[in-house]
Amino acid sequence: MDSIIFKNISKEYGDFALRDVSFSVPRGSIMGLIGENGAGKTTAIRLLLNMIRADSGTIEVFGLDHAENEREIKEQIGVVMEEDCFYESLKCKDVAAILRHIFKTWDDALFRSFVKNFGLPENKRLKEFSRGMKMKLSIAAALSHRPRLLVLDEATSGLDPIVRSEILDVFLDFIQDEEHSILISSHITSDLEKVADYITFLHGGRVVLSENKDKMLYEYGILKCGAGDFAKIDAADIVRYRKSAFGYEALTADKNAAARKYPDITLDSAGLEDVMLLMIKGETK
Amino acid sequence: MRGLLLKEFLGIRSFFKMYAFIIAICIIPVAVAQDGTFSAGFAVGICTFVGIMMCFISFNYDTGSKWDKFVLTLPFTREQIVRSKYLFSLIMVGVGMGLGLALSAVLAAAGQTELDAGMLLTAGFLAACALLSVSLIIPLVFRFGVEKSRIIVIVIFLVPFMTFIALAGNGAVDGAAVEGALPALARVLPVCGAAALVVSYLISVHIYRKKEV
């Protein structure tokens, strides 16, 4: 069963279009949405939350149409945006007081435990919080009504590695419940390599690939060679390639086959960042 | 919806201090007059105006904190979000008028002003103006955002006011006729204000349903 299903979603603006986007987030998993700035990650999330409407296609959340069952679905979703969204004059207890009246399943004790564990100052107003503190508060607020789905739009960007690591641990705790899922958009690919189960890569408003992360990291590789060896590589074995001052880097989608076929060429594993860079900047042979 | 209203009040509570400042401003002319000629309508007018401004301030805070985006991730219908803005604005106008009337009553008890029929007429006019203002401001903000709406509202209020002043200066306005029409206007304007509020709400819902944030 999938928590989220995007089916052939298209949305056109004047200067940008999301075209025929399809992917799904299996229940009990973390889906990382990657892509360069302007690739369509935030647009996809805004479509999911019905903040904007698709020109065509359907989105299902928990098996329900996301627009027709909007309130029911949103009772079960926790959302963290890139920027904190509470008034700066508020304190932690004010945020709890507001959300207690919004979510039927709000759990004060859980919120207090998050505030304590995150070390958030209870008597300070949000304007005195650091960016990391604000993000932790947003995450505490998003989790304290015990949602089944957590949606995060660039929530870890701009945070130091320590805070990011703390937050990623919270996500991993959350996903221990097999009913829970996370959709997280980020261009910090190292974070997604740590926690994501699946990756959907958007480029220019289209899904370039949507796969199991481990399978992807296991299968993709980078052939590194000079011009002579590069000329010997079959075009069919290369997804994209890039020429640099040091030679050629060619992305292959079948690392093991490439290792057998080109034993004399250096073959490295490909990280998400390598895949993303070569897909965006690379050329086809 | 209680959560949305609570957010409004907790968010702008520091602004309530402003009322203390406004009340102080209202008392200055009383101290200057010292002879009981101070117009009680002045205090009610200023406090009601601040109440109307709270509507703008609320939208401004929403935009500044990105709450206007975040609220759409919460389990509310768009109609509920619109309704909360109208309710909050009406409550703030009510609080403003109530404070102004209470201040006038205190001043009257101290012999600094009088609470007569003219005062009630003024309060009726102010209530109607407040309803019309809220009816105008909210759909404009939903459609054009806070910054543009502020300019549009200033133009809408200033142009007829300045025209009236200019005409009155040229003797083109019959003062007696205006004064004679006041009782009728006092009866008609609140009805117009209430009708405008209903129409305004429906327009705001229509705009906000289609709005992409």
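Positions of Cβ are set from backbone N, Cα and C atoms, glycine also.
Because TrEMBL annotations are produced automatically, they should be read as predictions rather than curated entries.
Values in this document were obtained by computation on a predicted structure and should not be read as measured data.
Annotation comment: TrEMBL describes B:12-32 (among others) as transmembrane segment.
What TrEMBL records for B:38-59 (among others) is transmembrane segment.
According to TrEMBL, the transmembrane segment annotation covers B:86-111 (among others).
Using a Cβ-Cβ cut-off under 8 Å and counting only residues 6 or more beyond its ends in the same chain, the transmembrane segment (B:117-142) has close neighbours at 40-41, 44-45, 48, 51-52, 55-56, 59, 82, 85-86, 89-90, 93, 96-97, 101, 104, 148-149, 152-153, 156, 182-183, 185-186, 189-190, 192-194, 196-197, 199-201, 203-204, 207-208, 211. Among the features that TrEMBL reports, transmembrane segment is placed at B:117-142 (among others).
Annotation source TrEMBL lists transmembrane segment at B:151-173 (among others).
The annotation transmembrane segment is assigned in TrEMBL to B:185-208 (among others). Here the transmembrane segment (B:185-208) has long-range neighbours at 78-79, 81-83, 85-86, 121, 124-125, 127-132, 134-136, 138-139, 142-143, meaning same-chain residues at least 6 beyond its ends whose C-beta is under 8 angstroms from one of its own.
Residues 133, 136-137, 140, 144 of the same chain sit 6 or more residues outside the transmembrane segment (B:151-173) yet have a Cβ under 8 Å from a Cβ within it.
Listed by sequence, the residues of this chain that lie at least six past the ends of the transmembrane segment (B:86-111) yet keep a Cβ under 8 A from its Cβ atoms are 1, 5, 8-9, 19, 23, 26-27, 30, 36, 38, 40-41, 43-52, 54-55, 58, 119, 123, 126-127, 130-131, 134, 137-138, 197, 200-201, 204.
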